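All remarks here apply to the structure that follows.
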């Protein structure tokens, strides 16, 4: 299976015509799984072609040494990625996600799918796929990270931000009443009257404003959101065993 | 007499002395008649004696006053015990310092010891209070049902693996470790202990190894530890019952037989599965039955709560018939029926269930601890230093090793690891209690000649854990800075986000192709929603999603709180009155008339004469209705469903409370703060013109529409309940007082008087298009 991943890596680089920033992105997404020895994949990878080695080595000099893959998990994810990617395009499209039956039944499924696609993009490649899923990776709290490194995707703040953005579809930094209502409508379905939804949304917003002692605008800001989630153990909640 | 004064003077606190005095009076009351009766303590003979007495009476002349204590002896004594227990509980909470230092369970045992001693002083025989039959059939079920019914399902299910591990493997380990080592020690020691075989030792180990839910509850409720630890220890204490039951029966059987084969071991494992799963199955079955029954109780609300108790008790008894785990049955029954029953029964019935459960379980708990004390004094003891101390030491050692070892394994699978502190608390919280004692009590003397020694050892272990561990765990929790329980108040935001997260994680798991915890939970939820709920819940409620139910509950709680705290000042004046009408507050009639009086003088335009008439008659009828008493329905019940909707509306009004000030400014009202409704009203009455900016005549028809036609969905809903007429009246009444803000797109001023709202509404009618704006009322008002 490891070779499949390597193949993908090579294809990826070939397709993108060795754009270094893409590679950095790729590497970056892999740093979300920092807990395994870095050498294994890189070594095999370097053997593949000298050209890539060149590029990689230049990258290696710049703080990318941390490339390391918790290989088994990543491989499993790649396996999954491939099985989702039925036509072997090397990237996923919305239809590929929608083909997952359970997901199409999920009330917030469309939002989840949407979260994989950065705005304006039609497809998602493996690195971005991994990057999104990295939010759900579980970490030990006591792992010490280098200060220089970027905050990992599964830090509490980034997780909250991720969830927040699922609500905040227009990305204006706050959950407006309409957005909240939309979510409620999706979750509660047709079972409730519009009036009930309204009153719940009203109350939620009012409560969030009150709790955070903040602006009395008609929306939930990120701070307010974070405040209302304080009691929820987000690190616990947003961890999937599989992604350990 | 001297002993009494001695005990009394031992306590310096005057209250406690008083309390003791009360006990003595009570005891005297119970003892003297007993002495007079001078009969044996066995109840059957008592009954017989009663018979003969009656027989004798017929021959004599007609007795003007007869004494027949035997006739009422049992219920009377039971009542006395319960009364004693309740008074004790009452007393401890009157003494502020005491209850913060010593846990209630310890105090109760001490009281039991004192009472037992006194009884022993007064006469030779002490009633066998902690009789195993009595304990298992009457004292234990309420506590377990309480635990099962209020079991926090979510944390419980999330930690089920860990709990089961501790409950099954941990208890097995404890039993065999303690039993085995005790046997070894008995063999080494050169006293008469060598006569004890391996099987009785293992039996003893299995009795003493189980953590006791009653003791755990009593102690953990006071230390307010965080949810995770609480559910781990408490869940373990509940689920280890199956293991204890099987081990107990197994070893009891074998001890009598004297031999064990491999086959017996295998049978034991199978028996464990049968006992545990069978218990759960029985419980779930009765739980579903209870839910189904509660679906049809809407016409006889008064007996609703009873079903919950009866079915669960039946579940317990049925499980016990087959020697299945009654505790598991009760837990399963309570947990299964709760969501459905809560949706089906009225709010009042639900409150009744809650209170009744809490009451029963706290009385049972109190009684158990007192009886434990009494039984200690009563029992024959044979104190063997080696055996007793070794049991205590082994109990502690086994617990510590078990917890540490199991956590080591469990932590490999857990997302949230258990820290050393957690492990310590789990190990330290392993209290033993009355279940162990009762099991020991059940042993037959002729098979187990060492029964007395066992009982002594069991009691010592119980006392050690309850007193030493129970008393020190609180300071230790403080010392170790173990995370405490967070405020349980959940906000609506939290609820929304938690549900959202659930969906999100299910989705992500699906994307990963990983069928984990969330996936199966989602499946179960779907199934529940699709089939079970439809079957078990009254039709119109079955579709209510959890979030809405939660929302209603919250609204209800808040409204009730507001009413109880008299927080009407913040609410519109009409709100407390309506709510109080629902709550059968004594001040009903005046409260209901108030808004009317306030409204009436202000409607000084064309049609309000009619309105007044309607209003008045409605009010009268409502009042009559409220006064009439019906044996089978509680008067306010017909409103139950509508009630929450009312509150919903009220909440909305509160929601805009803050925007009110801007509103008043906009309306050029001199009054800035709506702090005192009376003041405002007076001001308005004196100067109504400040509001009368526009000609009002055009607005009047709108008012009428609001009054006459119930247009909101709530009003329709109100009608389906029993008292249709009442519903209507209620609705109309509410139509005037409540609906106004709902119908207006502008925030009203709830703190203002009725006329203010009327006026605002009127002005609004002129400036805005009418009812179409119904839903926009949440929008902020921007002048």
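Even glycines carry a Cβ here, placed using N, Cα and C.
TrEMBL entries are annotated by machine, without manual review.
Owing to the predicted nature of the structure, the values given are computational and were not obtained by experimental measurement.
If you look up TrEMBL, you'll see B:12-32 (among others) marked as transmembrane segment.
What TrEMBL lists as transmembrane segment is B:78-95 (among others).
Among the features that TrEMBL reports, transmembrane segment is placed at B:102-122 (among others).
Among the features that TrEMBL reports, transmembrane segment is placed at B:134-151 (among others).
Sequence annotations record features per position, and here TrEMBL assigns transmembrane segment to B:163-185 (among others).
Sequence-remote contacts of a segment are chain residues at least 6 beyond its ends whose Cβ falls under 8 Å from one of its Cβ atoms, and for the transmembrane segment (B:197-219) they are 103-105, 140, 143-144, 147, 171, 174-180, 182-183, 186, 233-234, 236-238, 240-241, 243-244, 247-248, 250-252, 254-255, 258, 260, 327, 365, 368-369, 391, 395, 398, 429-436, 439-440, 443, 448, 450, 454, 457-458, 461-462, 465-466, 469-470, 473. The annotation transmembrane segment is assigned in TrEMBL to B:197-219 (among others).
The transmembrane segment annotation in TrEMBL covers B:231-251 (among others).
If you look up TrEMBL, you'll see B:266-290 (among others) marked as transmembrane segment.
TrEMBL lists B:355-377 (among others) with the feature transmembrane segment. Sequence-distant contacts of the transmembrane segment (B:355-377), counting only residues of its own chain at least 6 positions beyond either end whose CB sits under 8 Å from a CB of the stretch, comprise 81-82, 84-86, 88-89, 104-105, 108-117, 119-120, 126, 128-130, 135, 138-140, 142-143, 145-147, 149-150, 214, 217-218, 305, 309, 433-434, 437, 441, 459, 462-463.
The feature transmembrane segment is assigned by TrEMBL to B:383-411 (among others).
Sequence annotations record features per position, and here TrEMBL assigns transmembrane segment to B:423-442 (among others). For the transmembrane segment (B:423-442), the residues of the chain that approach it from at least six positions outside its boundaries are 130-132, 135-136, 139-140, 166, 207-208, 210-216, 219-220, 225, 229, 232-233, 241, 244, 248, 368-369, 371-372, 375, 395, 399-400, 402-404, 407, 451, 454-455, 458-459, 461-462, 465-466, 469-470, 473, 476-477, 480, 482, judged by C-beta separation under 8 angstroms.
Taken from TrEMBL, the feature transmembrane segment applies to B:454-477 (among others). Sequence-distant neighbours of the transmembrane segment (B:454-477) (same chain, 6+ residues past either end, Cβ-Cβ under 8 Å): 101-103, 105-106, 109, 200, 204, 207-208, 212, 215, 218-219, 222-223, 225, 372, 375-376, 379, 381-384, 387-388, 391-392, 395, 424-425, 428-434, 436-437, 440-441, 443, 448, 484.
The domain 'Sodium/hydrogen exchanger regulatory region' annotation in TrEMBL covers B:574-679.
Annotation comment: TrEMBL describes B:725-783 as region 'Disordered'.
Positions annotated as compositional bias 'Basic and acidic residues' by TrEMBL: B:725-734 (among others).
Residues or ranges marked as compositional bias 'Basic and acidic residues' in TrEMBL: B:749-761 (among others).
When each of the listed stretches B:163-185, B:231-251, B:266-290 is scored by C-beta pairs under 8 angstroms to the transmembrane segment (B:134-151), B:231-251 comes out highest. Averaged across the domain 'Sodium/hydrogen exchanger regulatory region' (B:574-679), pLDDT for the predicted model comes to 46.
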